[in-house]
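Visitor: So TrEMBL lists these for the protein:
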- 29-115: region 'Disordered' (REGION)
- 35-50: compositional bias 'Basic and acidic residues' (COMPBIAS)
- 99-109: compositional bias 'Low complexity' (COMPBIAS)
- 148-157: compositional bias 'Basic and acidic residues' (COMPBIAS)
- 148-182: region 'Disordered' (REGION)
- 164-182: compositional bias 'Basic and acidic residues' (COMPBIAS)
Amino acid sequence: MSGNNSTLGAAVEQAKGVVNDAVAYVTGSSADQAKANEHKSKAQLEDEASHATVKVPGATISTSGVSKDDPARSEGSWNQTMGSAKEAVGGLLGSENLKQAGAQQNQQGKEQEAEGLIQDYGDGIKGRVGGAVGGAVAGILGDKDEEARMKEKHDQAKTAQRGVEADLIKKADAEAARQEKA
């Protein structure tokens, strides 16, 4: 692919590797096997680059661009933190009211964050599809400016999706670690 790391590009390279593997198997050629291995390595690198993200508070940065998180995600996270703190303080002080208020705020925060994750993921899917289709149409029509705009839309949406995926993986890892301790 032309300098643009993509999941599709990785799949294409993987397919080329499989075809070259088959050719190498039939011919017994070490050159064909080397070519197959080269395509597979390129596919793996491209796939890893396509999924590389850095989460910063309120945003995601990836090889595709920068995407701001839905505000419900950070508000939900804040409410979870404050709710957990209230629960802990309530437990220390023996205040059942404070403990319950904290548990309720924590639960509300989880719901807010989930709504934001769903919104960002849905917007990501919509933007990726719209950008890909719009870019293809613009390419056919020869409108280079619109094609570039659609590529940017696609890439920003991809970054939004990758941010949600990164947050979900982080949560799953934290839950697994918590369960291991128990």
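For all residues, glycine too, the Cβ spot is worked out from N, Cα and C.
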Visitor: With a Cβ cut-off under 8 Å, give me the same-chain residues at least six positions beyond the ends of the compositional bias 'Basic and acidic residues' (164-182) that come close to it.
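Guide: The answer is 51, 53, 55, 60, 73, 117, 120-121, 124.
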Visitor: Which residues of the chain, 6 or more past the ends of the compositional bias 'Basic and acidic residues' (148-157), have a CB below 8 A from one of its CBs?
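Guide: Same-chain residues near the compositional bias 'Basic and acidic residues' (148-157) but 6 or more away: 64-67, 123-128, 130-132, 134-135, 138.
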Visitor: Per DSSP, what is the residue count of the region 'Disordered' (29-115) in each of helix, strand and coil?
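Guide: When I sort the residues of the region 'Disordered' (29-115) into the three classes, I find 65 helix, 12 strand, 10 coil.
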